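Down below is the structure, laid out as structure tokens.
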Amino acid sequence: MAAKPTACLALADGTVFYGMGFGAPGEVVAELVFNTAMTGYQEIMTDPSYASQIVTFTFPHIGNTGVTAEDDEAQDPVASGIVVRWDPTEPSNWRSTSELTDWMARRGRIGIGGVDTRRLTRAIRQQGAPHVVLAHDPDGNFDIEAMIARARDWQGLVGLDLAKDVSCAQSYRWDEGAWQWGAGFSTAPQDKPFKVVALDYGAKRNILRSLVAYGAEVTVLPASATAEEVMAHEPEGVFLSNGPGDPAATGAYAVPMIKDLLARDMPIFGICLGHQMLALALGARTVKMSHGHHGANHPVRDVETGKVEITSMNHGFAVDSQSLPRGVIETHVSLFDGSNCGIRMADRPVFSVQHHPEAAPGPQDSLYLFQRFTDSMRARRG
Ligand SMILES: NC(=O)CC[C@H](N)C(=O)O
């Protein structure tokens, strides 16, 4: 007889998937997405942009390289849970310090294994990212009707401001150094480090390391910081980080703060949520996508050079390119669906991208954007 299921995933439309639970017991409501990356499950789970989302990995071998603190993009896993094809096996990797399942249990994150992730991914593509409840009970007792009702009643990510929840509480100086693989590109030896203020809306650590690798010294400020607080650090450039939730829901604090910064005329670089909020501050609109982009193999075309970059992506909202005001140029587009992936101001060093150039996990094709930010600060010095 097959083992009794110890986890279950209920979609708001009433579809239910059963499997074997791992990680922490409990129940969570979230948006369900799928990620097609073949590596980097730990970086994905600890990317703060995944707050209030459950990740279905389309790649079946999850857990086989274990976990190591060095790969955390934030203190704790931020994704609410994961769905995998096969139960995680014992890790086999020299860097591993813990098993994924134990690590998730310690950090209160739920996993379900043994799910037909192909069928589930097709459901996500057809329905758009569904609202779901994921439950793990070692005794296998589930109130399915209550779970479906909870998924149905959940407000979802539209209008939800999560950036302030995952942001740091206090400002701090990033002193964990540069990204080692990126260090070869560093401009630091020629230049006195460029003073950068990074606004933390849920920043991934490898972005901060990449800024340092390209010659910056970074002070991180909380999402609630005002333009005056930013300027008090006398930055040569400002970085707007990635983060979770609806960019338009940050309209009470981040968007007006960025407008204020724009009036002060300085180099600004934004990634993902930072890109979306910069676009809002410039007068554009953002929209919710159907099931978003989550993977490490997304082709993006640099409209200005014609070059194609393979990128790492994680977003469920997008900038509506039709809404870009005069003076704001679309610089990058997704080759999957033509959606906007980058903008710049025509006459100022203010630019941002939807994808993740810091390449953790994923390809390194877009690292040149950090160089572009450094170059714009150097030009101002000159
Ligand atoms: N990675 C991100 O910064 C994601 C931005 C935003 N929360 C979105 O889903 O589109």
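Even glycines carry a Cβ here, placed using N, Cα and C.
Here's what TrEMBL has on this protein:
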type: ACT_SITE; residues: C272; note: active site, nucleophile
type: ACT_SITE; residues: H356; note: active site
type: ACT_SITE; residues: E358; note: active site
type: BINDING; residues: S49, G243, G245, L273, Q276, N314, G316, F317; note: L-glutamine binding site
type: DOMAIN; residues: 5-135; note: domain 'Carbamoyl-phosphate synthase small subunit N-terminal'
type: REGION; residues: 1-194; note: region 'CPSase'
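Each residue contributes its Cα atom, and for G316 (L-glutamine binding site) and the residue listed as 'active site, nucleophile' these two points are 10 Å apart. Just so you know, the Cβ of G245 (L-glutamine binding site) picks up 27 other Cβ atoms within 10 Å once every protein chain is counted. Sequence-distant contacts of N314 (L-glutamine binding site), defined by Cβ-Cβ distance under 8 angstroms and a gap of at least six in the same chain, are N35, I44, D47, S49, Y50, N242, C272, G292, H293, H294, H356. Highlighted here are the recorded positions (S49, G245, N314, H356, E358) whose C-beta falls below 6 Å from ligand 1: S49, G245, N314, in sequence order. The DSSP breakdown of the domain 'Carbamoyl-phosphate synthase small subunit N-terminal' (5-135) into helical (H, G, I), extended (E, B) and coil residues amounts to 29 helix, 44 strand, 58 coil. E358 (active site) is 20 Å away from G245 (L-glutamine binding site) when you measure Cα to Cα. Residues near G243 (L-glutamine binding site) in space but far in sequence (CB under 8 A, at least 6 apart, same chain), listed by position: P48, S49, L162, A163, V166, S167, Y201, G202, A203, A223, C272, L273, G274. Shown in sequence order, N242, P244, D246, P247, C272, H315 are the same-chain residues outside S49, G243, G245, L273, Q276, N314, G316, F317 whose Cβ sits within 8 Å of the Cβ centre of the L-glutamine site.
Counting every protein chain shown, the Cβ of E358 (active site) has 29 other Cβ atoms within 10 Å. G316 (L-glutamine binding site) counts 23 other C-beta atoms within 10 Å of its own C-beta, drawing on all protein chains shown. Confidence for the domain 'Carbamoyl-phosphate synthase small subunit N-terminal' (5-135), expressed as mean pLDDT, is 96. Every protein chain considered, the tally of other Cβ atoms within 10 Å of the Cβ of Q276 (L-glutamine binding site) stands at 31.
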